[in-house]
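To keep things clear, I will list the structure first and then write my remarks on it.
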Amino acid sequence: MATIYFSSPLMPHNKKVQAVAGKRSTLLGVAQENGVKIPFECQDGNCGSCLVKITHLDGERIKGMLLTDKERNVLKSVGKLPKSEEERAAVRDLPPTYRLACQTIVTDEDLLVEFTGEPGGA
């Protein structure tokens with residue numbers, strides 16, 4: 001079970017939700033199930049409108065997570081994938097700070113997910 005805190009300037013306070021790991025749910029899906037309004041358009045990782053900033057709350061216990069070529073290209077195009085994080089993702093499968101909520105699969109890690117409420121803003 002993962003605890004996910006959603007945070008946005010448009011929300012009066014952070015929303016804490018529990019998510020089942022292994023269900024193959026995306027962050028966007030978990031947000032929608034819990035009334036959190038992360039902006040989105042395509043839900044396929046092409047547009048970048050569901051950009052979020054993720055902070056892992058489990059310290060050093062960050063799990064590997066595949067960054068697809070599609071997501072990598074979108075993050076690079078919006079300037080949210082520094083070279084150091086791109087290399088870390090490619091070599092060690094460690095996730096970058098910014099992700100697309102529609103492409104990020106929920107695991108058993110506790111997360112803080114921040115978004116501005118504007119499409120593509122994080």
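A Cβ is built for glycine as well, from the same backbone N, Cα and C atoms used for every other residue.
Marked as [2Fe-2S] cluster binding site by Swiss-Prot: C42, C47, C50, C102. Residues or ranges marked as domain '2Fe-2S ferredoxin-type' in Swiss-Prot (evidence: sequence analysis): 2-119. Residues or ranges marked as region 'N-loop' by Swiss-Prot on the basis of a curator's inference: 59-96.
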Secondary structure tally of the region 'N-loop' (59-96) (DSSP, helix then strand then coil): 19 helix, 0 strand, 19 coil
Least Cβ-crowded entry, counting other Cβ within 10 Å, from the binding-site residues listed as C42, C47, C102: C42
Other same-chain residues whose Cβ falls within 8 Å of the Cβ centroid of C42, C47, C50, C102, the recorded [2Fe-2S] cluster site, in sequence order: L28, F40, E41, Q43, D44, G45, N46, G48, S49, L100, A101
For C50 ([2Fe-2S] cluster binding site), the number of other Cβ atoms found within 10 Å of its own Cβ: 27
In three-state DSSP terms, the structure that C42 ([2Fe-2S] cluster binding site) belongs to: coil
C47 ([2Fe-2S] cluster binding site) - helix vs strand vs coil (DSSP): coil
In three-state DSSP terms, the structure that C102 ([2Fe-2S] cluster binding site) belongs to: coil
